[in-house]
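Undergrad: First the structure, then my questions, so here it is.
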């Protein structure tokens, strides 16, 4: 068993730049070719937009191929670290985001936001926090000198829980926030964009691994650009539909970014501090803090589109998460690296 541990690639390093370019391209194309995007929006079957659905599958499946569920056998190696990770990801993070969203979006920033979209923005933030990061956490852990096998184990555990817990958790938090969503659509979106891709990805992984780890690594390198291209194409589509709203209220993106940044800092610090208090190794605390801070934004975007539509405030909120993911996580990486001396200097 080996952990995927690649350095930050060209696309990942400049993800924020690509997202900004997609914002510009999407808004420009949406204004220049409104008929084309109106036609694309009508390509639906059972309320699923086919172009977007296809792009999301191309985006998500390669990431899920990297997840090795055999790592679950190593749970006992770092019980405390896994415990902290599960506590932060499932008992703190979704609820803290619901609180930060309520405080910033419904209270503090409400006068500057379109009243009709406030609930949708809050829903998007909740979706963003309800799914722990899957693929990019391997990159962040590598940059922070994290334990690769622990990283692999915590991703496998979180993804297994996510298959069963994502829909009930999202439904509960949205209901708690007085946001009504159709349960059938929520469950269908989880089946379509999480459960089925996990099954297909694991079957694909099993087939690739029969050829050896070198062949598997080569296959991952070949399919990675497809995943990135699908993400960027999805963002262009989203911003083509969101363009009018963004041009009318450009401040919205900055205001939505604030609770996300606060959430990243809060959960990273909590996971890092709890691991230190429990005596876990720094190499375990790093990936634990990183997965607590980051999100499976691809799933959040897919679910937001299914539940609320391409042009919704919920979808825009999840895309803001994509926009700030790289700079925010690089700051967390820098923090855990620079604080290693403090972390390892414990009073016995």
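Heads up, the Cβ atoms here are built off N, Cα and C, so glycines get one too.
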Undergrad: Tell me which range among 39-64, 247-272 TrEMBL lists as transmembrane segment.
TA: 247-272
Undergrad: Can you say which of 186-203, 204-221 is given as transmembrane segment in TrEMBL?
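TA: So the range that TrEMBL calls transmembrane segment is 186-203.
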Undergrad: Against the transmembrane segment (81-105), which of these stretches has the most C-beta pairs under 8 Å: 120-143, 223-241, 284-308, 314-336?
TA: 120-143
Undergrad: Hey, which bits of the same chain come close to the transmembrane segment (314-336), Cβ under 8 Å, at least six residues off its ends?
TA: 12-16, 19-20, 23, 120-125, 127-128, 136, 140, 143-144, 231, 235, 238-239, 242, 245-246, 252-253, 256-257, 260-261, 264-265, 268, 272, 282, 285-286, 289-290, 293-295, 297, 300-301, 304-305, 307-308, 343
Undergrad: So, do the transmembrane segment (155-174) and the transmembrane segment (284-308) meet, by the test of 3 or more Cβ pairs under 8 Å (sequence gap 6 or more)?
TA: yes
Undergrad: The transmembrane segment (223-241): which same-chain residues, six or more beyond its ends, come within Cβ distance under 8 Å?
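TA: Same-chain contacts beyond the ends: 9, 11, 18-19, 22-23, 25-27, 29-30, 37, 40-41, 51-52, 55-56, 58-63, 65, 298, 301, 305, 310-311, 315-316, 319, 322.
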